[in-house]
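Have a look at the structure below, then the notes.
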Amino acid sequence: MIRWIRQQLGFDPPHQSDTRTVYIANKFPQHGHYIPQRFADNRIISSKYTIWNFIPKNLFEQFRRIANFYFLIIFLVQLMIDTPTSPITSGLPLFFVITVTAIKQGYEDWLRHKADNEVNGAPVFVVRSGSLVQTRSKNIRVGDIVRVAKDETFPADLVLLSSDRAEGTCHITTTSLDGETNLKTHYSVPETAVSQSVSRLESLQAVVECQQPEADLYRFVGRITVTQQGEEIVRPLGPENLLLRGARLKNTKEIFGVAVYTGMESKMALNYKCKSQKRSAVEKSMNTFLIIYLGILLFEAILSTILKYAWQAENKWDEPFYNQKTDQERNSSQILKFISDFLAFLVLYNFIIPISLYVTVEMQKFLGSFFIGWDLDLYHEESDQKAQVNTSDLNEELGQVEYVFTDKTGTLTENEMQFRECSINGIKYQEINGKLIPEGMTEDSPDGAVPCLNKEEELFLKAVSLCHTVQISYDQTDGPGDPFSHANGFSPQMEYYASSPDEKALVEATKRMGVTFIGSHGEIMEIKTFGKAEKYKLLHVLEFDADRRRMSVILQKPSGEKVLFTKGAESAVLPYSTSGEIDKTRVHVDEFALKGLRTLVVACRHFSADEYQEVDRRLHEARTALQQREERLVEVFNFIEKDLELLGATGVEDKLQDKVQETIESLRLAGIKVWVLTGDKHETAVSVSLSCGHFHRTMNILELVKQKSDSECAEQLRRLARRIREDHVIQHGLVVDGASLSLALREHEKLFMEVCKNCSAVLCCRMAPLQKAKVVRLLKTSPEKPITLAIGDGANDVSMIQEAHVGIGIMGKEGRQAVRNSDYAIARFKFLAKLLLVHGHFYYIRIATLVQYFFYKNVCFITPQFLYQFFCLFSQQTLYDSVYLTLYNICFTSLPILVYSLFEQLVHPHVLQSKPALYRDISKNSLLSFKTFLYWTFLGFCHAFVFFFGSYTLMGEDTTLMGNGQILRANRQLMFGNWTFGTLVFTVMVITVTLKLALETHFWTWMNHFVTWGSIAFYFIFSLFYGGIIWPFLHTQDMYFIFVQLLSSGSAWFAIFIIVITCLFPDVIKKVFYRHLQPTSTQKSQMYTNCVAIGDDFIALQPLSRAKNQLGKISLLRPTRASDAWTPCAVSQRGKTPAHDWAGWWSE
């Protein structure tokens, strides 16, 4: 009773047991003690906020950032105590940053809400009260019977009850879930398959018991109990009975299914997991620099406070005649006064921490990420796929990669399989013109004819054409149809669909050789052997799994005999074979692997009647178990798949992708080590590594394979390490298999890593998915902390992709799991070279300069404020007007660095690709090293000293500054002196830091010119308006007529000119000196740029008409379309521009 009350009040969680019980059509037991389980509704919620929690939740998340929280504290301090600057100076920039970020995140969440409402409001049909009722998707409850029509998506996870087909099957595609486009067949149990009408479904008495929701798309354990005439019939339920939300119904008119998982408990929703947040090396450096600058801020504030009290130790400075203290000030606590003064100085100097750095970096990453998608060189025309960016937070990390971990199949290869050879009963065969020819013979044999297939050959081909999960699609099939209607008179419209390219290639090969798979209809599989139809009854399918590495089918022959056909990896089949040509087949498999072919071994087993009864009983018990079903099934599968008769082996070729060898060589020249991690066997993997250039023929290949024990593995590792030290071969390659790797990682990690790091290339074969992730983690967490990149195309690569610093998915033929879980996605492996060598190079130099420049300009900004305190008795008098304090980072200096960080190119993209070694110049985070950081910080302090003391010297008492020759003295000094001096310093500073960035810019566009000179012009125009008009809403207007008076003085203009030249001239000398005496390889390559033609990047930034005119001028160099050239791709090989020729181009 108490539990019932708690459940009704919502205190008990909905899941109290490991299983859930679903009553079909919600026909609950009538006895009074039954308490219905509570399940989630069918609403999908991908949004992060609601209208009620948006403001508090968003503010909480934003103020978790150190810089935002710091400025909030400063703002509150300004409100609480008397500080030298207005709270607006800190509050307005903070409000700007918080608002911009909140608007961006709010808009993104609004889009998610919109998408959710569209999905949740979709119309669906459910069976209620004996009729078909239309409702909205969000109203579906667990236990509802849902009707889904052809080409509709399933609105919840449904257990299939029936379809319009008599056998209760249906075809679906799971493209939106895993990217697989093949048709998959799902089944209903025979007892519910006959319920094809609403009335029969209404009378159905059944209960589904299944596991609680989990994210694994391919795992479902349950059973259904159907009550018929008082008798309970129990049937097992597995993944083949479950229709997943998001999948689409195909080639079937309609189905009925019962909802078992709804809403956020559906498998699709459970796979919406957030990937672990990856942080780039630049972001980590940025946080380190912020802490250092926070230390500088605290040092300046403490020093100023101490000096203030040291200065005020003399009575004449402590209480001068013009600033007498009140009695309250005289009697106040010295400690509180010290704290108050310290906080006041903290507020005065707080702008040394650049709050706008975060929002500028976010904007740079977000806007910069579009260039990858716009790059036509990363567009694959055949598949119509362009590169995509799933996260923009790691753009600069592409320029820091030291290790690349790549899958082989589908990543280095095309994943397009072509049957080449096979071994049958110890004899090797080749396919020649669609015929199976023994090795050494040709189609034009002396006897003039190819012999007919013998018994062993025919059995082998039948095994290959029946042991699979291939589906067939006919163009004219619609709804219910007889797949065997094409058996007589073969239809050319028949097409095979398979989840594995290997299976499809093998079935197509047997079809060419005369044994054709026609299709399956319920439990019947039909083949045609040289025109003669044969029907086999499918009794059981033993599904493939990564641990067994094989799959099997149990069939009943037309003669009634029961037979098992098995195919799988040689290591998973040969040990269980007891008859057949085992030794010869093993030799042939190794020969196939040396040629780079993918191998599968085929075997069979014949059952007696008693043996099959035992097999059938064990399978039924294991499949109906709700607890430990997987373990029991593995045990039964091993019991069945033994005492096999070996039939032969197949060799299938997987072609290398285009330009794989050139790409790997480019990465090697760039200083990037490439590791290949694959599940293929040793010989196949080595052959492919040699053919793709991963291993060179001259490379010394070391092997750590077939290790049986820890001691044996350790001894072999020591031998390899000794051999590397003693051998003077320049390059070594290492081959490791999965079993040996497990031993090496168990107790000998350090020794293993020492061997690996001394090898130019490493190949890991027979790798399980989790082993791939372990290898990546091992290298990633080594003492050197190298930046890692993982690239793959299949679900088995997801763990590796998520583990690496940067994960890249290949849009291949093994689904979209890798793409969905990656940071970036490309269509082909060859695009990786440009992604790293060009885009990565550009992103890194841009953001590295952005971060350094931000700290530099804020040091320039706040140091004169610190120096000024030495001349005003540390009275906390501000040097700049509060409006200038507020707008310095927001308006006056923000746009030039943002545009620079979007378009800068130190070297032309064509040069970066043709000279991969330039990538080494930016490796190891070199542009954000502590030495570089100190240089920019020192430069900032130097310039700040020149600003302050240069202005102070030129504003001495005897210096004429006014246009009419008057000297700023007496009452005029009181009126203009302080603010005039501060304005002069601020003007020099804005001009200098803007021109400093101009000196750093190599690639000029019209946008760079606009924001650089426009920012300086805007400052002058704004200051004239701000100081030239009396604004009624301002409480005080200290700057009235100051700027006009300042600019009316020729001496002020001279001072500005002299100070700016003084600051920047040493920079120019240094650049010229180093460029001519100690040029870097990057600077040398900039000279080469002058030989390269006009670039699309530059053209993309011009008006369209002008771009077309320019393209017309270079049409003799290459044919192109103006519309293509206009596409603002970040970089393109088709047209190039010299970075230093902008002036001539601009003047045209």
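Every residue number used here counts from 1 along the chain in the order it is shown.
A Cβ is built for glycine as well, from the same backbone N, Cα and C atoms used for every other residue.
Residues or ranges marked as domain 'P-type ATPase N-terminal' by TrEMBL: 36-90. With helix defined as DSSP H, G or I and strand as E or B, the domain 'P-type ATPase N-terminal' (36-90) counts 27 helix, 0 strand, 28 coil.
Residues 87, 89-91, 93-94, 97-98, 287, 290, 294, 340, 343-344, 346-347, 350, 353-355, 357-358 of the same chain lie 6+ residues outside the transmembrane segment (63-81) yet bring a C-beta within less than 8 angstroms of a C-beta in it. Here TrEMBL flags 63-81 (among others) as transmembrane segment.
Sequence annotations record features per position, and here TrEMBL assigns domain 'P-type ATPase A' to 124-186.
The transmembrane segment annotation in TrEMBL covers 288-311 (among others).
TrEMBL lists 342-361 (among others) with the feature transmembrane segment.
Residue density at Asp797 (Mg(2+) binding site): 31 other Cβ atoms are found within 10 A of its Cβ, drawing on all protein chains shown. What TrEMBL lists as ATP binding site is Asp407, Lys408, Thr409, Glu503, Phe544, Lys567, Arg598, Thr678, Gly679, Asp680, Arg766, Lys772, Asn796, Asp797.
According to TrEMBL, the Mg(2+) binding site annotation covers Asp407, Thr409, Asp793, Asp797. Cβ neighbour count for Asp793 (Mg(2+) binding site) (all protein chains, 10 Å cutoff from its Cβ): 31.
The active site, 4-aspartylphosphate intermediate annotation in TrEMBL covers Asp407. Remark: Asp407 (ATP binding site) has Val676, Leu677, Thr678, Lys772, Ile791, Gly792, Asp793, Gly794, Asn796, Asp797, Met800, Ile810 as non-local neighbours, by Cβ distance under 8 Å and separation of at least 6 in sequence.
Residues or ranges marked as domain 'P-type ATPase C-terminal' in TrEMBL: 819-1080.
Counting only same-chain residues 6+ beyond the ends of the transmembrane segment (883-903), those with a CB under 8 A from a CB of the stretch are 85, 88-89, 92-93, 96, 351, 354-356, 360, 363-364, 367-368, 846-847, 849-850, 853-854, 857-858, 861, 983, 986, 990, 993-994, 997-998, 1000-1001, 1003, 1005, 1007-1008, 1011-1012, 1014-1015, 1018-1019, 1022, 1026, 1039, 1097, 1101. Taken from TrEMBL, the feature transmembrane segment applies to 883-903 (among others).
The transmembrane segment feature in TrEMBL is assigned to 933-955 (among others).
The transmembrane segment annotation in TrEMBL covers 975-998 (among others).
What TrEMBL records for 1010-1034 (among others) is transmembrane segment.
If you look up TrEMBL, you'll see 1040-1065 (among others) marked as transmembrane segment.
Other Cβ atoms within 10 Å of the Cβ of Asn796 (ATP binding site) number 22 in total over all chains.
Confidence in the domain 'P-type ATPase A' (124-186), given as mean pLDDT, stands at 85. A sphere of 10 angstroms centred on the C-beta of Gly679 (ATP binding site) encloses 22 other C-beta atoms. For Arg598 (ATP binding site), the same-chain residues that are 6 or more apart in sequence and have a Cβ closer than 8 Å to its Cβ are Thr409, Met417, Asp502, Gly651, Val652, Glu653, Asp654, Asp680, Thr684. Among the stretches 288-311, 933-955, 975-998, the one making the largest number of Cβ pairs under 8 Å with the transmembrane segment (342-361) is 288-311. Within 10 Å of the C-beta of Arg766 (ATP binding site) we count 21 further C-beta atoms, all protein chains included. Each residue in the domain 'P-type ATPase A' (124-186) gets a DSSP state, and the totals come to 7 helix, 37 strand, 19 coil. Listed in sequence order, Arg550, Met551, Gly568 are the same-chain residues at least 6 apart in sequence whose CB falls under 8 Å from the CB of Phe544 (ATP binding site).
Remote same-chain partners of the transmembrane segment (288-311), defined as residues 6 or more beyond its termini with a Cβ less than 8 Å from a stretch Cβ, comprise 66-67, 70, 317, 338, 341-342, 345-346, 348-350, 352-353, 851, 855, 858, 866, 869-870, 873-875, 933.
Thr409 (ATP binding site) counts 27 other C-beta atoms within 10 Å of its own C-beta, drawing on all protein chains shown.
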